[in-house]
Every structure is written in structure tokens, then in C-alpha cells.
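Listed features, source Swiss-Prot:
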- Thr461: phosphothreonine (MOD_RES)
- 228-247: region 'Disordered' (REGION)
- 437-631: region 'Disordered' (REGION)
- 14-36: repeat 'MORN 1' (REPEAT)
- 38-59: repeat 'MORN 2' (REPEAT)
- 106-128: repeat 'MORN 4' (REPEAT)
Amino acid sequence: MTGGRFDFDDGGTYCGGWEEGKAHGHGICTGPKGQGEYSGSWSHGFEVVGVYTWPSGNTYQGYWAQGKRHGLGVETKGKWMYRGEWSHGFKGRYGVRQSLCTPARYEGTWSNGLQDGYGVETYGDGGTYQGQWAGGMRHGYGVRQSVPYGMATVIRSPLRTSLASLRSEQSNGSVLHEAAAAAADSPAGTRGGFVLNFHADTELGKKKGGLFRRGSLLGSMKLRKSESKSSISSKRSSVRSDAAMSRISSSDANSTISFGDVDCDFCPVEDHVDATTTETYMGEWKNDKRNGFGISERSNGMKYEGEWANNKRHGYGCTVFPDGSKEEGKYKNNILVRGIRKQLIPIRNTKTREKVDRAIEGAQRAAAMARTKVEIANSRTAHARAKADAADQAALAARQECDIARAVARELSPDFYQPGPDYIKQRCQEGGDIKENPEEKVLEKPPSPKESPHFYRKGTTPPRSPESSPKQSHSPQPSSPEPSKKQNPSPGARLSQDKQSLAEEQVTAFVNKPSMSKAPAKELGASVSKYSGRHHVPNPSNGELHSQYHGYYVKLNTPQHPPEDREDDRGVSQSSSALVPRPSPNKWGPPKSVTKPVAKESKTEPKAKKSELAIPKNPASNDTCPSLEKEANSGPNSIMIVLVMLLNIGLAILFVHFLT
């Protein structure tokens, strides 16, 4: 056998022994452009046993066959390590994949590099799943056991909770980015394995008062559903939306917001959950989620038996609460949409009861099947651990062959650069820096906007994007004054017309009634002083008029207009003033006092004068007080009319809903 160094056209190099033109014995081979390195034993051009090192520092130590990893071996990839069997370059049949930083691990069977068959997955928080797998996901029958609730709420990292099952084919050995992001964004990322949730009955009992309280007549009417075979969403009553139903329905008083493993959108606060409470799910799984029949039970007595869909109670089932009360019927996304004991007239309770009973029986069968699958999974796990121990021995043999190959390469070509040790050293240094200064690394991750334009927030402009900064930062500013300039002239013109008409009205009123007492002037002065800090009012009469019309005081410059236009302007002011809210009643003293001299002159007809206050006068008249009082009296009447209409509509809807 001869040996030496051979440089390939792609930049790779082989340094070691060869026979008949093929690598044979011990040697080192680097990949294209010197990237990657295999060091170990060879047989007629193929690797046999040795160590392969990637530029990132990831390594494989074990056996090979036909240029692929085959047999027993250990792969270190990122923060994960796989120990076990390999088949034609993929993980399988038995093996253990574990995290180097947390207790997260999978022990069981593999196929094509993914969990497949039976296995046990232990999560970073200590929770476990035991059962069947397919394509790297929980699929079949299995049991999910959570940790105590207090621990599940403390551990927040998605890597530690690992609610989605572990994956094996990643570029850097970490959890899939989308799965990690989903777990981080979801509330389930902080409460691994808990899918049942209920609120305290005391607080919700206080909120549910009145006609729609729990168990009342109208509350039962509100919960009745159409027994159609079509979708529930198409038959939902128009009285409420989905969100309203989730807040008002009777199921919300005891339970029903649920945590999915990955796809929850909100995080309701649980009440009165002991820190030692645990939860167990036994049943069917599909595509890594609870689907089919199953039983979820807490150690505090809460239990659900029935159908599931996407980690939520969906279908027929029965929920038992810690206080012993039950909730039976049909669920849709964790909400009871068709209850048995909540209906006003239980006409079709028999059919619903049969469906609930069948669902409970199916859930119990699925739980029993899951327990049998757990036994098989535990036996597969024991075998996988034995293969992992054997893989450790294979890795030790591979390291020994690697050392021999390096010695042979140094003898044949002393100037040959071996990149493998540098790759490993660089990775160890990076890992040591992270362990020594974890706080500094955390502080360096969110860089300032100058360093990272990716953290651009609305309203800030990174310095590295000068082209986009004028458009984003300055474009909203000039656009805001333009609408105000366009809108100001039209209301201003109307305002000036109303001011002029009202001012002329008041002037004519004072001219026609010279015998006015001095008391209104004092009241006007008091009302003016109240708003003197905001507006300067030179004429108290004008200020009083505009406080009645606008609710604030405006300085007026009343020009002279032809007398024939006064009636038209007065009509416009009266019609427009009806649309404006009325001020407090104490400001209407002056108009009332104006009518006193008239009452003294005509003492023989006091009742007739009083009746005139409720009758609208001719627009040509100068006194506007009765029309203003009519406007004040019309406000409560319109409110009462609207309330009566709403009450009639509500009763009609309830009656129709009861009939359906």
C-alpha cells in the first residue's frame, strides 16, 4: 500500500494511503475549497469508520457504508445530539436525540431521519409524550403528561417547553424556526401540556346578572340552537356574533377557553389553579395535535371526555368541573354551542344525549388504546437507549481511527493543513463565550437602529435608508394641514351667517321690549364671566346667544344687512340650532325674564300666555324663547321613542329565536 497527497480540481485534498488508485487505509480528505473534513479509515475509496467535521463545528463520529452514514454513530449538530442507528445517511431505526442545554429528548424509533413508529418525548420543562409517531409528528394514539402548573407557567422558552414535537432535519440542529416562533408567540409556550382552562364561577357569576343570567328563562332561550344539519355558523342567531356568544354563553361561566399546543391567539388568565396541578391527555393524535377521541384530565378533578380537533374540544363531549358540575353537549372550538341541560324545552335532548354517550364511549376506548401504545413505546425506548450506548462505543472507535489518520497525514505531508481541529476549537470558543457572558450576549442581540435597519419601527427612520426616510417621516406632516384648509371655509361661512342672524334677532328683541328688567343683565354678566378665560365677549347679549347655539362664546362683528333678509336668516338659525345639544337650563334666565313685562300688561289672560310657550310662534316674530323651549322638550321624547323601539325589536327577536 502506498500513500501521499492528492489535490482535486475543486479545491479538495486527500492525504493518506491508497491502493489501486483509491483511498485505502487511513487518511484525511477535505471537501471542495477545503470546506469540511473526514478523518478515519478507508476501504477502496469509501469511508469505513471515522469523524466528519463540518465548517460550523458539527461532527459525526461513527460508521459509514458506500459513502453514507450507516450503522452506529453519534451526530452533534448545534445544540442537539443524536446517538443511535443510521440507515443510508438517515437516522434510524433506533436512536436517542437529546438537547445539550435542556432535558428535552426523544427516545424511540426513526424512519428517514424523522420520528416514526413508537417513542417517548421528554420536553424541556419535564413533560412527556408517550405513544405513536409518523413523519416526525405525534400521530396515532398517545399520552401527554404535563408538569405541575406552577412550573409550566415559569418556564417560558419555546426551546424548553418544546410543545411541538422535536424535529430532526434542520440546518443547525435547533427546533424549526416556524415552530419556535409559534411557540414563542402563543400563550401555550408558557403552559406546556395544559389545554383545559376554566374561570372562577364567582367573578363570572357577578357579571352575569339581569335577563341573561345563567339558568334564567331568557338565558335558556338565548342558548337554544337550530337542530339543522348545516354548519352552526350559518344558523347562528343574529342577536349576537361569535365573540358575543363566547362571552355570554353558559359554557363560559365554567370553562372553555382552551390552550392549543401551538396555535393559540390569546391567553386568558386562569383563576384558582394550584401550582401542583397536572394535566394528562390520553387519546388520538393527528398531525402533532389532539384530534379525534380522547380524555383530558386534571389532578384537581376537572375532566373532559369526547371529541377533539386541533387541540380544542370540538364535537360532542362532557366536561366535569372540580366542583362536580357537568357540562354536556356539542362543542365548537372550545365553546358549548348545543347543551343538554340548558335548553328551555328539551324536545331533542334524546338525540343529543345519544351522541354525547357515543362520544364518551369513543373517548374511553381511545384512552385505553393509548395506554397500550404507551407500553409499546416504553419497550421501544429501552431498545433505543441500548442502541445509543452502542453508538457511544462506535464514536469512541471513530475517534481512535481519526487520530491514526491524522498521524499518517502528518507523516506523508507535514505541510498539509488539517481544518478539523480548528473547526472544533472555534465552536468551543463560541460556546464558551455564550456560557461565560450570557447577559452580554442577550444585550447584543437587539442592536440599535443604526446597526440594524431590520428593527425599523413606524415613526423612526434608520440612517442607512436616506432614500426612504423623507417619504416615511415627512410625508404625513404636510398632508394634515391641507384637509383643514379645505374644510375650514364652509363651516366658517355658515357660522358667520348664523352669528349675524342671531345677533340681529337679539337686537330687534331688545328694541321691541324696552321695559326689560335689570335682572337678566346680571345673569348674562355672570354667564359671561364663567367663560371669560377662554373667549373675550364684548357684548353680553351676543355672548349669551352664542352660548345657547354653540356652547361657547364667539366675538362678533355684526355688519348691516337689508331688513328683508332677516326672516330667512332667522329660519335657518332656528332649524340649525335644533341639531346642536342644548346647554344647561340655568342659562335660559334672560329669555324667561323678558316675558315678565308682557305678563304684567295683560293680567287678564295669564293662562293664555303660558299656553303660548308650548306652541311654535310665527318665524316673523321677534321672540325666540318658546321655540327654544320646544327644542329642549323634544330631546327626552326622542330618546324615549328610540328606547321603546329598541325594546320592541329585542322582544321580537327573542320571540322569533324561541320559535325556531
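Even glycines carry a Cβ here, placed using N, Cα and C.
Here the repeat 'MORN 2' (38-59) is broken down by DSSP into helix, strand and coil counts: 0 helix, 15 strand, 7 coil.
Long-range neighbours of the repeat 'MORN 2' (38-59) within the same chain, counting only residues 6 or more positions beyond its ends whose Cβ lies under 8 Å from a Cβ of the stretch, are 16-17, 19-20, 22-29, 65-67, 75-78, 172-173, 394, 397-399, 401-402, 404-406, 409, 418-420, 423-424, 426-428, 430.
Broken down with DSSP, the repeat 'MORN 4' (106-128) shows 0 helix, 16 strand, 7 coil.
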